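Quick notes on the structure that follows.
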Amino acid sequence: YAWGKRGRNSEVALLNSSGDPDFMIDDNMPYAELWMGTHPNGPSILKGSSQKLSEWIVANPESLGYETREKFGVQLPFLFKVLSVNQALSVQAHPDKAHAEKLHRERPDIYKDPNHKPELAIALTPFEALCGFRPIAEIKNYLETIPELRSVIGQESINELLTSDEAGMQQALKNCFHALMNCCKITVETQLNILAKRLADLDESSLADQTMNLFLKLHKTYPGDVGCFSVFFLNYLVLQLGEAIFLGPNEPHAYLFGDCIECMACSDNVVRAGLTPKYKDVETLCNMLTYICEPASSKVFEGIVENEFTVMFSPPVPDFAVAKISIPIGAAEVSLIPRDSASLLIVISGQAECNDLNLDRGSVLFIPAKQKIDLLCNESEDPILMFQAMIAAHVWSEKHNINSDTKLLKQLENTNELTIWEKIYIQKNRNRVMNFDIPMERDLVWRFFGQPQDGADIDIQVVQHNAT
């Protein structure tokens, strides 16, 4: 892809070169994405053979794990990637499952599959992105102080937002964003050029606002594109190494610059509206977005520490989770946490031995479910950094058949078969006090399942502390 970093500036190229000695880096070529998985558009091949990983999995279905097969069939439901971004990707969002099915049914030529496409990105370098709508006060400030922005949106929509009460704020914001994205091309180009010239004439001290600098950068890459104005509506984030963002359904976002690990459900469903020469489905995008205004800091997705080496990023979807594994210099032997599902592991830095395998930068492993992995690390001259993608630990087995039956729910709450996430699932649906067997904060529950609606409350009572 043209937006990828070129040559040896690309982490994708460097990792591929380290893992494949036959690969030669072309310094004039953009290298954007390294794919790992069974997606038919870029399937992984078993090293030393011509067999696709997907074919091996079909021949060895037990490698996936029981719950994965029950939920997803004989396939990996995720695509694991490394991205090296040199210029902005499109302003976009992904539909939820029901919406994806509808779009695929109505326009299969554009939306080629019926699946959702949640995404998790974990920074390998400082990683810049737009994500979610800014706090409403910030948006209002830009509307009041940037005349070019007012010209493309129209004063009627702006007045509605500036005077709206809290109850009408989301609809007013939607109307503003819709007016912006549907403004005629000539007006957009004219006002973009006026704003770019006005900013270029300012001295450096007057350009202290990073949003204005970002606008100029985007306008240089995508002149005349209405997506350049989106920086005044969407949060600008710079993730540091190991920080993450989760992009759920209907969340507006755009990757801007940097290298990251990405994991996503297997789908090609992207609804675009700016910063792209590709097809723009403006009406669909504007109608599906969340229009929830939050500060940039709230978009950072926190991992959960599993042990001294492992941090788990487990979004509220069953398709995938990603573990970040960091092993310092001097560690002799480290055992990875066995997983209930098959997983893919990539080595970003450092060296280790596993059975008869030498793992170096760029090595990728497929690990069957429940397989124990012991790493010998004492020869590594660098800290070891690895990422492991798997089916989420909180996949709920169909055998539990969770529904609104009170007697069944009472039974399920008292069984040891349930994971903590299944218990939270019941709690959300029953909306009442229950006991948990490990400490769990209220905001963690809300992060996974959303805050209670209509004044309902969820109370968590910790009855036992489990140190593990």
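Each Cβ is built from the backbone N, Cα and C atoms, and glycine gets one as well.
These come from TrEMBL:
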- 1-135: domain 'Phosphomannose isomerase type I catalytic' (DOMAIN)
- Gln92, His94, Glu119, His253: Zn(2+) binding site (BINDING)
- 163-234: domain 'Phosphomannose isomerase type I helical insertion' (DOMAIN)
- Arg272: active site (ACT_SITE)
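For the pair formed by Glu119 (Zn(2+) binding site) and Arg272 (active site), distance between Cα atoms is given as 15 Å, rounded to the nearest Å. With a cut-off of 8 Å between CB atoms and residues at least 6 apart in sequence, the same chain places Pro252, His253, Ala254, Val270, Val271, Arg272, Ala273, Thr276, Leu285 near Gln92 (Zn(2+) binding site), listed in sequence order. Of the listed recorded positions His94, Arg272, the Cβ environment within 10 Å is emptiest of other Cβ atoms at Arg272. Same-chain residues that are not part of Gln92, His94, Glu119, His253 yet have a Cβ within 8 Å of the Cβ center of the Zn(2+) site turn out to be Ala93, Lys117, Leu247, Glu251, Pro252, Val270. In the domain 'Phosphomannose isomerase type I helical insertion' (163-234), the DSSP tally of helix, strand and coil residues is 56 helix, 1 strand, 15 coil.
Look at the domain 'Phosphomannose isomerase type I catalytic' (1-135): DSSP puts its residues at 40 helix, 34 strand, 61 coil.
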